[in-house]
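Listed in Swiss-Prot for this protein:
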- C31, C34, C50, C53: Zn(2+) binding site (BINDING)
- 27-296: domain 'CoA carboxyltransferase N-terminal' (DOMAIN)
- 31-53: zinc finger (ZN_FING)
Amino acid sequence: MSNWLVDKLIPSIMRSEVKKSSVPEGLWHKCPSCEAVLYRPELEKTLDVCPKCNHHMRIGARARLNIFLDVEGREELGADLEPVDRLKFRDGKKYKDRLTAAQKQTGEMDALISMSGTLLGMPVVASAFEFSFMGGSMGAIVGERFVRAANYALENRCPMICFAASGGARMQEALISLMQMAKTSAVLARLREEGLPFISVLTDPVYGGVSASLAMLGDVIVAEPKALIGFAGPRVIEQTVREKLPEGFQRSEFLLDHGAIDMIISRSELRPRLGNLLAQMMNLPTPRFVAPVIEPIVVPPAPATI
């Protein structure tokens with residue numbers, strides 16, 4: 001028995017440990033929809049869209065702006081703004097501590113990034129929510145960064161695009177966060193008065209005070225495939241109305257069928273299609289889009305588990 005342990009079992013365990021340690025962390029990713037094991041470099045080439053089932057995975061705000069805007073000429077707006085715990089709010093944890101943890105986790109100061117730049121050579125300003133930062137919740141800094149982006153559009157006579165991904169208003173800022181709904185809506189009214197386009201792109205998920213304000217105020221409202229969009233969550237609605245909701249309720253396809261949004265665009269098509277749309281809205285020549293050359297990647301065998 002002892003010889004079997006020494007000769008067979010222990011070497012087997014050691015080989016298993018070596019195999020596990022030889023796989024770099026983050027090299028493989030499991031699709032949350034079809035559970036396919038995907039090679040991270042290959043997934044980056046598809047803009048974090050599963051090549052097996054077309055599931056659009058959540059991506060960070062900075063990554064989203066980097067793949068949407070042209071490489072040259074980007075400038076971040078409102079980067080100097082930092083959140084302040086004016087109310088000294090505390091639930092199960094101090095708001096100040098929640099901010100510190102979110103900043104450490106994401107590397108961002110708050111849940112919205114705004115940048116000026118170009119889209120296919122056309123001047124634009126774009127904002128994107130960082131859902132990993134406290135659920136992309138909207139507080140004072142999110143509202144102010146959004147307003148600064150809109151003011152940039154007003155000053156430079158350029159269109160604005162916003163990628164929404166949020167659970168709603170930030171409860172730790174109470175009325176201050178609710179005020180951002182009116183603040184962002186007011187500046188969008190100014191854009192409309194000046195005839196400057198605002199395109200809202202709804203990504204997974206968009207809920208609460210963000211869906212009840214800026215996210216649904218676009219001149220054109222676009223959504224990514226199968227994004228969850230609503231005000232209250234489906235479970236809350238079912239408990240309130242005491243009825244089973246339809247299949248796919250609050251998915252972008254359901255909203256498109258019922259006239260709540262204008263179109264659904266896959267992530268890889270956002271640059272050319274929004275570029276063409278904005279050029280028409282601004283009465284500019286149709287921009288030329290050159291699709292990037294995607295070089296083939298040698299995908300190693302996937303591990304049994306990740």
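Glycine is no exception: its Cβ is also placed from the backbone N, Cα and C atoms.
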Q: Would you count the other CB atoms within 10 A of the CB of C34 (Zn(2+) binding site), including those on all shown protein chains?
A: 12
Q. Of C31, C50, C53, the binding-site residues given in the record, which has the fewest other CB atoms within 10 A of its CB?
A. C53
Q: Determine which residues of this chain, when C31, C34, C50, C53 are set aside, have a Cβ within 8 Å of the centroid of the Zn(2+) site's Cβ atoms, and list them as they appear in the sequence.
A: P32, S33, E35, A36, L38, P51, K52, N54, H55
